[in-house]
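See structure below.
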Amino acid sequence: MTVQRRSLSKSKKLLIQNSVLYVVLTLASIVCILPLFWMISTSLKSGNVIFEVPPQWLPDGFHIENYGKALQDIPFMQYFLNSTIISVTRLVAEVFVSAFVAFGFAKFNFPGKNIWFLLLLSTIMLPSEVMLIPVFQMFTRLGWVNTFLPLTVPAFFGGQAVFIFLLRQFFMSQSDELMEAAMIDGANKFSVFVKIYLPISKPALITVAIFSFQGSWNDLMGPLIYLNDSKKFTLQLGLAMFNGMTKVEWGPLMAASVLTLIPVLVIFFAAQKYFVEGISFSGIKG
Amino acid sequence: MKKIWRKITAVFITAAIAAGSISGCASSTGGASTGSTTSGQSTEKAKLTVSTWAGADELKQMQAIVDKLNANSKDYTLTIQSIPANYYTKIQAMISAKQAPDLMWLSQEYIPMYAKLGVLMDIKDKATQDSKVNLNNYFDGPLNTAKYKDKLYGLPWISQPVVMYYNEDLLKSAGVDLPSGNWSWEDFRTAAKKLTKVDSSGKITQWGTVIDGWPPVQTWIWAYGGETVDKDGKILIDSRESIKGLTELNKILRDNVSPTQEQAQNMGDADLFKTGKVAMFFGGAGDDLEKQVGNKFKVGMAEIPHGDKKVTFSWIASTVISSQTKNPDAAYEALVDLTNATFQWKVVPPIQDGFDMIPKNMPEKEYALDVIKKSSQYARGFNNQEKETEIDTAIGDELYTPLINGKKTPEQAAKDAAAKIKTITGK
């Protein structure tokens, strides 16, 4: 009888705990989803109800014309293509090169290894504004301004320090015995990296890939500084163009933002399984 | 093993070629001008660029203007360079790499700074001798902002005086006479109090006006004969006249007729007016308020209230020529053509006979044509200094924000601002 009562009170306690947890999680989810909901809702509103006070959460009918305007006011498809070219090129380069460098730091000993790694990490702390003018001058002298080269080529030379750091942590957690066994069987270090460590790093690589894509896709400053010809603009620059001299076109801006968000969402959901694994392996937090 | 190496190498080369070819198909055209022209003996049209912060819709309209100019000019082909965000960051990066656009839009605050750095071309001699430019036709206020140390560095293309928009429905229902155009700041105070509504719980449901760091604090300082800084850089923000203006502003602020600065900035000052929460709002004469309000209520426009004199701040921008241009003559010709053509655009022009196009280009403003004309006559810009943006920030931090929030008296705020400006200018 006492045991029954105890287990009943235990299950009651669990129920209360779970209920509280779900309420808190539901509230947190609402807070996170609200801006997205507002963006989608606003993209379907007519101009004069966007800033109604109190806010009108649901659109006054479906003003699809905002989407039409978003596609027509800026060359949306051209910008979409430009963003895709830059983001995909960077993604390929950053994932492979970062893994390559990280593998070296994780699995090999060489003179000054820790100092080199520290130097690499210190670049994370360097604000991009400090580098803006000298780097711009360098690319100007190379004749690369107003091309995609300044936005893509640097990714082939070392990737991003933060990705290298994360992948190094991941590689360090993998057993050295795998490498030793493969080398006894005659594999060299590069083939060990490509044939053994890369395949088992899929979750970490996909996580880095998602972050790389998201970073490039949402980058405003890089394309703004290096691209002059509006035909070469990316979607982020296109979104900024809805901010006019005397008004902001909120409806079309929100519609264009929704359309711009879709590729990132698709990629995230397609790779969600690996992404969660990658976070738990490498300790990345979004 | 060799196969793997080959594969990896192939992947990299393919990626590099792809990046190169993609970039190649977009070969560089930006930056400073190309083409060769020597004055009067052009072999081909000079290729010039003009940078702008115009938005998507405006870019299309501007492109139509530029297309016409290009078709009519034998000397230049003008290309628009859109900089839709962080305009001055990009311009500064381009200038540092000697890639500045030949022509640039500059807001009034930046002209002395850029002129001092030597990156702007002086056009005074050319403009005074040019029959296509009538400097006497410009209002003094806007033209003065394009001058620096007795030189002329550009031609203003827009001068938007600050006017007072009001919600006619709210004024009528509160029994407030519509502004006559001759309101003093005291009349404004009386109206703002009547237009501020409080519900039974003591919560304000409607404000008479909104002052949240806008309009510029100079609106009151100038109205009572004061200045923040004179043309020569002498600090006058703590002068008797300036403090008189600040005291008048402080009276309005202490009446609780405006939302708090935090409320106004969170909700958007113009949006508060558009949604009928604020009855009287200070905005640029060309602002798109009437269209955005639509049929929700009737929008009215009046001249800004006066103090000892009538004066209003004007948002002014000029087109300037980069001293880095390789085609100064063609760039000057393009500047004049573009400026003259812009007066026909949907902007409030900085010239005295430029108002005829307003009813055609902005029919929603036709009702207020007289107000815009009158306001333009006494509208002015700042006495811009080389470090104007820093001075503006100091005035905001040391004077305007503390005054709005009731943290300082007008005298103390003026004294603190004067001290801060002194550290900036060294004068």
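Glycine is no exception: its Cβ is also placed from the backbone N, Cα and C atoms.
If you look up TrEMBL, you'll see A:20-40 (among others) marked as transmembrane segment. Counting same-chain residues at least six beyond the ends of the transmembrane segment (A:20-40), those with a Cβ under 8 angstroms from any Cβ of the stretch are 57, 254, 257-258, 261.
Under the heading transmembrane segment, TrEMBL lists A:79-103 (among others).
Marked as domain 'ABC transmembrane type-1' by TrEMBL: A:80-271.
Per TrEMBL, transmembrane segment is recorded for A:115-136 (among others).
Taken from TrEMBL, the feature transmembrane segment covers A:148-171 (among others). Residues of the same chain lying 6 or more positions beyond the ends of the transmembrane segment (A:148-171) and with a Cβ under 8 Å from any Cβ of it are 82, 85-86, 89-90, 93-99, 101-103, 105-107, 117, 120-121, 123-124, 135, 139, 142, 197, 201, 204-205, 207-208, 211-212, 216, 219, 222-223, 226-227, 232, 281-284.
The transmembrane segment annotation in TrEMBL covers A:192-213 (among others). Same-chain residues lying 6 or more positions outside the transmembrane segment (A:192-213) and placing a CB less than 8 Å from one of its CB atoms are 87-88, 90-91, 94-95, 98-100, 103, 107, 160, 163, 166-167, 170-171, 174, 178-179, 182-183, 264, 267-268, 271, 274-275, 277-279, 281-282, 284, 286.
According to TrEMBL, the feature transmembrane segment maps to A:250-271 (among others).
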